[in-house]
Amino acid sequence: MASKVVDLVYWRDVGTTGLVFTGLVVGLASLFQLSAITILSNLGLGIMAFTLPVRLLYKAMMLVRLSDGSHPFQSYLDEDRTLTDEDTVRIAEQIVLLIATAVTELKRLFFIDSIMDSVKFVVFLYLLTYVGVQANGLTLLMTGVICAFSLPLLYRLQQKRIDKIVKAIKKLVEKGTEIVDLVISLAKPPPAPGPAPSPAPTAKHKQKTK
């Protein structure tokens with residue numbers, strides 16, 4: 001499954017990728033004007049408007065002995081898309097692992113396990129408030145689909161130039177992180193001094209105790 005997704009986003013089969021990409025973009029664009037139920041219903045009607053006449057045509061050709069009576073869509077019907085018990089367990093384990101990882105990471109960020117990571121998370125949430133004002137979830141989803149199909153192809157065509165830009169950005173981020181860590185370390189209060197050691201008993205004090 002993962003290999004098929006990689007083949008799609010890297011445009012290794014231009015025809016299949018173009019069909020999937022166009023379908024996703026047109027479907028998401030339609031959601032701006034129509035409800036999901038309307039789109040799915042019309043899509044189903046469009047498919048049935050093609051498959052039902054073709055099936056009736058083959059049936060009529062069989063009755064007049066112009067065909068051997070083979071089903072026009074038998075190859076699709078014979079495809080086994082059922083999940084085995086092992087596949088079901090593996091998928092369920094992956095889903096549970098992803099949810100557990102997400103919950104652990106959110107708990108670490110919200111309860112300040114690392115100051116730097118929590119500060120980055122706060123900045124990210126603050127930026128999301130502006131994104132939410134300017135665009136809705138459907139717009140972001142369409143933008144994500146377009147980026148998923150265009151960025152891998154762009155990286156493959158301009159890999160050397162993009163790698164140089166990414167390295168420069170990483171260096172700037174590392175320098176900024178070092179500066180913030182230095183500021184945080186300077187802002188921390190010095191450790192409290194420990195209790196002073198008690199003075200050793202003198203010789204006169206020892207004689208009095210005797």
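Heads up, the Cβ atoms here are built off N, Cα and C, so glycines get one too.
According to TrEMBL, the features are:
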{"type": "DOMAIN", "residues": "5-210", "note": "domain 'Reticulon'"}
{"type": "TRANSMEM", "residues": "20-52", "note": "transmembrane segment"}
{"type": "TRANSMEM", "residues": "109-131", "note": "transmembrane segment"}
{"type": "TRANSMEM", "residues": "137-155", "note": "transmembrane segment"}
{"type": "COMPBIAS", "residues": "188-200", "note": "compositional bias 'Pro residues'"}
{"type": "REGION", "residues": "188-210", "note": "region 'Disordered'"}
Under an 8 Å Cβ to Cβ limit, what residues of the same chain, 6 or more beyond the ends of the transmembrane segment (20-52), are close to it?
8, 73, 138, 141-142, 145-146, 149
Model confidence over the domain 'Reticulon' (5-210) (mean pLDDT, whole number):
82
